[in-house]
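I have placed the structure first, in the form of structure tokens, so that the comments after it can refer back to it.
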Amino acid sequence: MKALAKLKAAPGLEMTDVPLPEVGHNDLLIKIVKTAICGTDIHIWNWDEWSQKTIPVPMHVGHEYVGVVAGMGSEVQGFKIGQRVSGEGHITCGYCRNCRAGRRHLCRNTTGVGVNREGAFAEYLVIPAFNAFPIPDDISDDLASIFDPFGNAVHTALSFNLVGEDVLITGAGPIGIMAVAIAKHVGARHVVITDVNDYRLELAKKMGATRAVNVAREDLKAVMQELHMSEGFDVGLEMSGNPQAFRQMLETMNHGGKVALLGIPPSNTAIDWNQVIFKGLEIKGIYGREMFETWYKMVALIQSGLDISPIITHHFKVDEFEQGFAAMLSGQSGKVILDWR
């Protein structure tokens, strides 16, 4: 079958032929319809330090997808051939304390589709049936293909009660932009997002941001005054991994505020701990998606009227994958989708 793979320890990916994956007795074989390019795939494309330490070579990558069930193992129940599915890309052990307690997103033995094992940038993918998620008929292939990052946004944004709250989102990547729409949909008051990328800040405006602030030109505290915010933000969603953005978030949080961290700052990032301690801030790290509560919430949000479609800005046939990666690398895109049909 055709697959998009890292064939050598160097930047880029290559289209190649690989054997069809073997289907275990608890597995689903999924015929891929559409995939989306993730920021992780950009790291792999660039072959940065993290990728060099993490990605086995050769291997085909990718983990954002939608497809149809093309085969199943002898013990699989609850699925049928031709059914549309996406799937949770974190494969968990099922036996550690967190897995047995129903907290699979915290499994210490997690392996990642397209990171530690063969991925979805291929004509077919095999995953445990446990990880597959049926897609309702009223949700498009485009939206289903980005359920993985949409789930990151849902998990982060809904970590705290947002009703009537003032929310600061730092980082206008696709996940941060989707978090804007989620926060507004569930009843946040002001939703302010910061970045230095005007293209993506404009996307955030389309998704409902009260203010989209280019911090290279605008002062965040002046924006807060403009919005008559006298006490600070109630909830912070840090999506950038940028140390200065994180520091500014802590400075502008209200006392008793809550911060969710999805972005990954450098390990030597220094912050003013007085902001955390004397404000009584609550800081929560976010990883992946809750299995599978986040997935059910994604469906419910879309079916109740949440529109995240503006985040999808580019479509390419999979043979045009280099153009798709170029669009992502340019910073002038939202989500980029590759069509495998």
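Backbone N, Cα and C atoms are what each Cβ position is placed from, and that goes for glycine too.
The feature active site, charge relay system is assigned by Swiss-Prot to Thr40 (among others), with sequence analysis given as support. Sequence-distant neighbours of Thr40 (active site, charge relay system): residues of the same chain at least 6 apart with a C-beta under 8 Å from its C-beta are His63, Gly114, Val115.
Secondary structure from DSSP puts His43 (active site, charge relay system) in a helix. What Swiss-Prot lists as active site, charge relay system is His43 (among others).
Every protein chain considered, the tally of other Cβ atoms within 10 Å of the Cβ of Cys38 (Zn(2+) 1 binding site) stands at 25. According to Swiss-Prot, the Zn(2+) 1 binding site annotation covers Cys38, His63, Glu64.
Summarising the annotation, Swiss-Prot assigns Zn(2+) 2 binding site to Cys93, Cys96, Cys99, Cys107 and lists sequence analysis as the type of evidence. Listed in sequence order, Cys99, Cys107, Asn109, Thr110 are the same-chain residues at least 6 apart in sequence whose CB falls under 8 Å from the CB of Cys93 (Zn(2+) 2 binding site).
Per Swiss-Prot, the feature NAD(+) binding site maps to Ile175, Asp195, Arg200, Leu262, Gly263, Ile264, Ile286, Tyr287; the stated evidence is sequence analysis. Within the same chain, the residues at least 6 positions away from Ile264 (NAD(+) binding site) whose Cβ sits under 8 Å from its Cβ are Gly241, listed in sequence order.
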Cβ-based neighbourhood (8 Å from the centroid) of the Zn(2+) 1 site, residues Cys38, His63, Glu64 excluded: Thr35, Ala36, Ile37, Thr40, Asp41, Gly62, Tyr65, Gly89, Gly114, Ala120, Asp148, Pro149
Cα distance (Å, whole number) from Tyr287 (NAD(+) binding site) to Cys38 (Zn(2+) 1 binding site): 15
Assigned conformation of Arg200 (NAD(+) binding site) - DSSP reduced to three states: helix
Shortest C-alpha distance to Asp195 (NAD(+) binding site) - which of the recorded positions His43, Glu64, Cys96: His43
DSSP three-state assignment (helix, strand or coil) for Ile175 (NAD(+) binding site): helix
Packing count at Cys99 (Zn(2+) 2 binding site) (other Cβ atoms within 10 Å of its Cβ): 19
